[in-house]
Structures are given as structure tokens and as C-alpha cells.
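As given in TrEMBL:
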DOMAIN    51-191  domain 'MRH'
DOMAIN    194-334  domain 'MRH'
DOMAIN    434-580  domain 'MRH'
DOMAIN    592-727  domain 'MRH'
DOMAIN    729-871  domain 'MRH'
DOMAIN    872-1001  domain 'MRH'
Amino acid sequence: MLDEAAEDREVGAQPDQAEKIQYVAFEEDCKLVVVWATKAYCRPLFYNETGTCTLELPGDSGRFDIQPLRRPTHYAIRSSDGRLFELNFCSPISDSRCGFTSSDGVSVCEVNATTGGKSRAIGITRRSVLQYTEEKGLKMIYHGPNGSKGSGGAEITLVCNENITFGEPVFKAELDNLYKFELETSLACLAWPVECAVFDREDNKFDLGQLRKTDGNWEVTDPGQGKVRFHINICGALNPVKTYVCPGANVGACKTNSSESTNLGSVTTGPKINADGVLTLHYTGGSPCEAGHFRHSTHIVFHCSRVENGPRFIKQSEDCVSSFLWETPVACPVKYVVGKNCQVREPSYSAVFDLRPLHRPGMDYSLTTEQGDHYRVNICGTLDEPCGGYDNASICLTSGGHQIPIGEQGVVDDRCNFYFVWNTALACTPSKEVECIITDDKGEVYDLTSLSLSSSNHMNVDRSRKHKFFINVCHSVVFGFGSMCAYNAGVCMEDLSKPNHHNRFHNMGEVSEGPKFVDGILTLNYDSGEICSDPQGAPHYTSTINFYCDPTSVETTPQLLVDQLCHYVFVWVTSAACPQRSTRHLNSNSTGDCTATNPATNFRFNLIQLKETVNHFDGPNGDHYSLSICDNLDASVCGSMAGACRTKENSPLKAVLGVGHSNLQYQDGQLFLNYSGGELCHKGKRHSTRVQFMCGAENTTQGPKLLEELDDCSTLIAWNTELACEHRILCKAFDGDNLVDLSPLISFDNNYEVTVNRSRFFVNVCRPVLPFTGLGCPPGSGACVAHVEEDGELTQEFSLGYPHFSPVLDKGEAVLKYMLGSPCPVVRTQMSSSFHFKCDVSAGKGAPVLKSITQDCQYQFDWKTSVVCPSSEQVVSDSDNYVLRNKELNTAIDLRPLCKHDVHKVIKGGKTFYLNLCSSKTTCDGAAVCRQTDSSSYDSYGENLEVEFDYANNLTKLLYTSGSLCHKSVGNGVDINFSAEVWLKCDPTVDEGQAEIVAVS
């Protein structure tokens, strides 16, 4: 089955392009994982190109271009014994004492050779080979005049020296008519990105790495130079672009016009900062100037700015230096603190991080990647055992039987970085947590604990895109990368217009008490935030989150409803706000334990709640099943010693499928009960039942479901239950600046399916595949593949990985990876899958498409979906005739069916509201939304309409502004007017539907 699927690889996705050693993962709750991106092991062993001066290494391994070494005439080289040679690169020699002209096509010659006293041609231009081997590096080889083996020639070894752009060739030796030369040049260096951070005298850090592009380049135009365009990358080579080609290797900047391109310098060093605090970056060694006395170079000056303005061309000097000014927030200083003795003090709020308890005397930490590479790690000290004979290593890589020291405490090699992520409580700042469960006056229990995060935050960006909010529930906002918030803040606001990270985060309210009911609304208040400067507001900023129950709303995020008078109000529609089933009637002294512990985390699963009920469900062919959890069935036709029983409709046939017990087990990430010792089946075997408990997607149907009855008389049953949830991954990707929410793609009823010939793939997003009868995927898999038999039966099910890690952003694209699946039958590793989500506003939720399968069983999918697309806004006027037109989709929403009645009347909190979306009736005095204040007066909630198409949540939002006056300003403040939002949500089961008011502030 796997070989069939491998044959279906899409053209253009070659296996060798995907064989990079890469293990990318992120996991919560104090588990050690590694993020590793390196080209070190995918570099080719041997590549060459004939008759050219450029060499592309496959994949992304590197590129060489030695054309800048070409001279108009030639190089002259004198050997130690007085012999004189002439050579050129990428061109014949000319103006030569050898007597050759460019038309002769000779690139290497000896002047007045010792043999006969005549000049001699050694190497022919058109018989050149540019060659690279991992052992011997880069060589230019010129074969002799007759081209036959043994006819001699010239071999020029190009040695990488980043400090020498061009250099001068040196004669080394002659061996069997092969003349050997050597040239040191930066053009022989592979295009590694340089270190892009620099420190000033006050230990402020300036890191330009955020400006380095991995796709496309920075593009600059100069109105004074017509069609000239400049192309720039920062601290790394220009990325290949179809519309232009820049000459040279590791080029950091170039300029093009309609007919030619000019190399403006190669990347050899990173940024520098002088004594006056001026931050600059230089690229040197570009194409020769027109005058021929200089070579083009680039000089970029960076200025700290609140907004990103990009590079701006200033001028080109007489010595061919192209100058640019770049105003960017990235050039603003970041305070960098260096600690001692494995301790460091965080400068914003003075927390001390002490990692010394992580050091393990006598035993190193150990981890192995899917590719089989093994790491030994120790923190705050050296490894317990030497690494490859080296005593001072703190990290050791074992690969291919070789031990390689890759880390020593306090020593950094910028050229070969390995990135590890270590989640530990020692990296946490002080936090505050309150009780998150509340009981109302009817005895209903409400539990918001599932919304409380310990290693990440909920996020919301306001409509202006100027403020980002970090929110937690019953727990302070988690301090960390991109969220440098006060330790006790429950809501934190980041002012995106401020360039300096030290003053862009603001405390909008501290955690002080748990949720409560206010006017019947489940509410969480955070008060005592930063001082409020508005004279009409409270002394300090406060925030309120109003929770509204919707059983179908899972993995939702809070929405900013209103910000006024230093008070932020958020509305959160979520299933977590629905009442929970009371568990007080359960007998805690019941017989049997019915618990199991995850040894890796010490989390204790307790299924004792499930003992109270006998569960009945149907199978195929008229079979009925009865199942008891951690006990035997009472009053069952199978008797009192049956934990599972099968009967048949209108038949006396019955079978005991196993004896019940309370020995719940947790092994290899799976929670299950095994009932054995049932009735005799056939061939002397007895019936048995395995009940696999799964933490399915939120709001999925709870309870047992028959998966399969196997030939060995065993019955497989899957059971979705919240009690099997240790934690669910957060289905959002965040890189400190950008947020992509994939939770709308979580499926609760059907799996996403992909069929390729006889292979069928089943996929869910951030959650396990939903079980159904006939599908035997390993329980808990986020994706799996099965072989489809001729009769449609699914066999040979393999897991393609489990949802252990949240999605990440890679080059701005959301990527979800499932790791540690079934064993790969081809190589010694485990199957995995990755899903790359791409914006397509017309795709809706979309579906995965298989792109490639690598030789080590990595299944790679692309997924076009509107969920990852940003919202689209437009202004609507009366002339639109109540039809909302989406220009991106070229579709329209006709509001007129909502106008069968003059107005829609809605009562909320004893107040009467009217909605009138289609015509200017007199009820609201021309407004679309209004509130009745007395028998004949109304407060308008706005007439001006903007429309927001929210692709992520599949909502169309009608935003009405400029309503009646709500609050009069004091002093120089701003008047606040009523406004309204109407959210249109698709429901194909209703006609006109009924408007409901979610929140009023």
C-alpha cells in the first residue's frame, strides 16, 4: 500500500529535495523538544558544471558564481623558481605575453615555457569544468588543448576566505603536466547567512535578522533613474526571483533595468554600530564600475522608527557606493542582559531566572530525532561524558557513528546553529491564578478552566490593527517572547505603533477574583491596571470579559466589543461557558480504582464517572452491544460476569465479549481497558474486548462506538470522552507578530478525506481522526492512511502522526505537523505528516491535497482555505441597494429576504431594540439599529455602514457607526456615540432566522 502511494508523488516534488535533516516541534508542559533547521547533512558529495562559471547545488544547499573573477586581460603569476604564467576566469586571456588573443580561446598559458623556450597553452576556455566536492571544495579545471586524458591542463583550487573578495592566484605545483594553482576569495564561500545582531557599548542589542527575507527580496525604485530597480536582502543572499537574475555569488544587493543587472556587493559581514550609535550594513565586491577603477558596493544606514518604511535609495557616489536609508522598528535598541552562573534578571519587571536546577551531575539528558540522530545535552555545565574526546562540550550530536561536539557553554559559532526549545517551569515568571469554577443559584456548574492557559495566551487584534490584546482566563498573561506583560495582568495591550518593546506593553487589568454572574451574564473582571489618564474614566484601566454559552462554539477567541473611558469590554461566545453536568452524585468510594497515570507527566486519568451507566449501542448486521466501564454488567442476558455483551436482534444468540474489571491502563500514549476471558469463540480462542478512550475534538459525540471485530475474536471499541483529555494543543500559530487561527478547521462530525489511487487518507486538524466502524486507524492519530480493497474495505491502516504540537508559522504560512506515527517500512523512522495552509478566499474550509511522500515516510499536504485569509472590509452606501458585494470573491449577499417584516424586534435585559437592515422606516428614525427609550423616542445605534467579511469564522459583520450621543466628553476628550455590530452567520436549516443580542455595553 505504501509503495503504491509512493508512486503517486506529484511531479516537481522530488524526494531528494525533501530529505533535509529537520525535526521541528513545539510542545507544552515541560517536555524537551528540538527545533532544528540545518543544511549541514544535505550538502551534495560531488557536483560539476562544464563550460560555465556558476554552480547550483541541489535543494537549497548553496550556489557558486565566480564570474566576478574575470579580468579584461589576465592574471600574471610568478612561481618561486621564476616561471611566469597567465590565466583568466570565465574568459580567454588577452593582451598576453604568451602571444595569444581572445579569439584563440586559451585561459591558462606559460610564458616562454622551459620546454623549447616558447609560450605554451595549458588550459582551453571551452574545456573548463567548475567542480565542487565536499572533501576538496571548489575547483576550476581547464583541460589541455587536445582534451584527452593525461594531456595535462590547469587546476585552480578556490579557497574560501571571507576577508578577501578577489585575491591573486598562486602557483602551487606541476604534476604530470597538470599545473596547480590556488586562489583565496570570498566567492568560494557557501552563502551562509551572517550573524545579523550587534551590540552597542551599553549592551543594547540591534537585531536586523527580522528583515532577512526567505522568499522574495526588498524592492526599491528610484524615480530619478527611470526603470532602474534595486533588490536587497539583509544578512543573507538575494532569493531567486523569476523576473530578474543578479550576477555573482552570495549577492546581498543588485540593481536591474530592462536590459542588464549589476552586482552591488556580496554578503561577507553583518551589521556594525559605531561610537555615535549609527547602525550600518555594508556589501562589497560587486561588479566592476563603469570607469573600471572601483567595484560596486552597498552602504545601508538604519534609523529607529515607529513604523516600517523599508529601504530608500539616496545616491550613488563617484566610487560606485550605492547608499540607502532604512527607517524601521527593527533598528530600535533592545536591552540585552547577560547573566552569570546560569542566572539572569529580566529587566522589565525584575524576575530572576535560575536554570541551575536543570544541570544533571552524573547523567546527561538524551533525545533522538525521527531521522535517528542522537543528542546528549546538559545545562549549566559540561556533559557527564566527553564528546568525541572533547571534555568541555555541553551538547553532543551522534550521527553516522560519529560524535560531534556542537555546543560549549558561553561559546557561539554563528555558522552552525542548532536550535533547541526546552519548556520548563524555571523559565516562567511569577504568575497569579484564581478559581475558575462557579455555581449559579440553580445549582448549575460553570467551569472556564479549559480556557486558562499556562504556556500561551489568547489573542485579539482591534479593527484598527494598532493594538494587540493578550488575554488569559483566571490566570495571568504568560510572559514571554512577543508578550512582555506585567506578571499579574489578566489582559495586556500591545501598542503596535511603538517601536521599543520596553514601552509598548500595557497592563489593562490584573487577576484578582474568579468569574461571577452580573445581570445573568457570566463575567470575569480584571481591575487595577495601569493608571488611566482620561479624566472621565476610573483611576486605573479595567477589563471585562462577558462569556456566552454556545455548545457549537469551540476553540473560539475573545472579541473586543468596546473600549471607552479606560474600560475594555470583550465578548466571548464559547462552549466552555455552558453549564457542566454535576458530578456530586457519584460514589467516590465505589469498588475499583479505574484510574491510570501518564508516567511522563504524572497526570492521573480518572474514569470513575463512567461506571454509573450501562452503555448500549448498535453494530452492523443487527448486532447490539452492552458495555460497562470498570465493572461487570448488571442484569444482563450475558450474566453477571460480563463487562461487554453482544446480542442479536430477534435472536436468542448472545456472547460474553470479556469479563469487566477496573484495571485501566496507559501505555505508549493510549488509554484503554482490556476485557479478556469471554466465551469460547473458535479454534479454542475466547472473546476479548479492548475499549480505547480518546480525547476527541471538542463537542464531539461522547460514548462508545464499534470500530471492528477481528478474526482473532477481539472486539475494538473507541470511546470519545473529555475524561481522556490530558491537554489539547492550541490550534493557533503565532510568531510574536502574526497570528493564524486554524481552529475553525477542527472537524466534529466527519474527517477530511483524500483519495490517491488505492490509498485513502483521513485527516483532522489539531485533533484526532474521528473513528467510525470499519476504520482501524491507531486511536488518537491526527492523520492516517488506509488501503482500499476491491470491495471498498479499509485495511492496513497506518498512523501518520499524532496532534502533539501546535501549528507554527513558517515564512508567514501556517504549518501543522503530526509526528511519531506508525513505523516506516522503508527506513528506520516513524511516519509523519505536514499540512501547509494557503490563503484562498474562494475555498471555504477547503481540503488537503497530497503533494509528495519522501523516502523516509513524510507525507506532505497543501491545503487551500479561506480560514487563513485576513478579513476584508468595505464601505456600503445606499446605492448598493442592500446587496453586500464581496469584490474578492465576486459574490453578493442579498439582505432583502430579511426584510419580510418592517423591523425585527428583540428584547434584552428589559430593553427593546429594533433592527431594520433594508429600508429607512420611521421606527428607528432612519437608523438601521435603535433602542426604544420611551413610547416615541429612540436611541440610534448608527446609520453609516461598513462590512467586514471574516473568512476565518465564516461571518459577515455589519458595522454601524455614528449613532446617537452616548457619553459627552469632558475637557478635550472625545464624544462617544452609540454603535452596533450585526453578525450574519450561515445556517442552511432556517429561512429568515431570528436575531439575538449577544452583548450590550
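Going from the start of the chain as shown, residues are counted 1 onward.
Using N, Cα and C of the backbone, Cβ positions are placed for all residues, glycine too.
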Per-state residue totals over the domain 'MRH' (194-334) - DSSP helix, strand, coil: 10 helix, 60 strand, 71 coil
Per-state residue totals over the domain 'MRH' (51-191) - DSSP helix, strand, coil: 12 helix, 62 strand, 67 coil
Averaged pLDDT, computed only over the residues in the domain 'MRH' (592-727): 80
Residues of the domain 'MRH' (729-871) by DSSP state, where helix covers H, G and I: 3 helix, 63 strand, 77 coil
Secondary structure composition of the domain 'MRH' (434-580) [DSSP: H/G/I, E/B, coil]: 9 helix, 63 strand, 75 coil
Number of helical, extended and coil residues in the domain 'MRH' (592-727), per DSSP: 8 helix, 59 strand, 69 coil
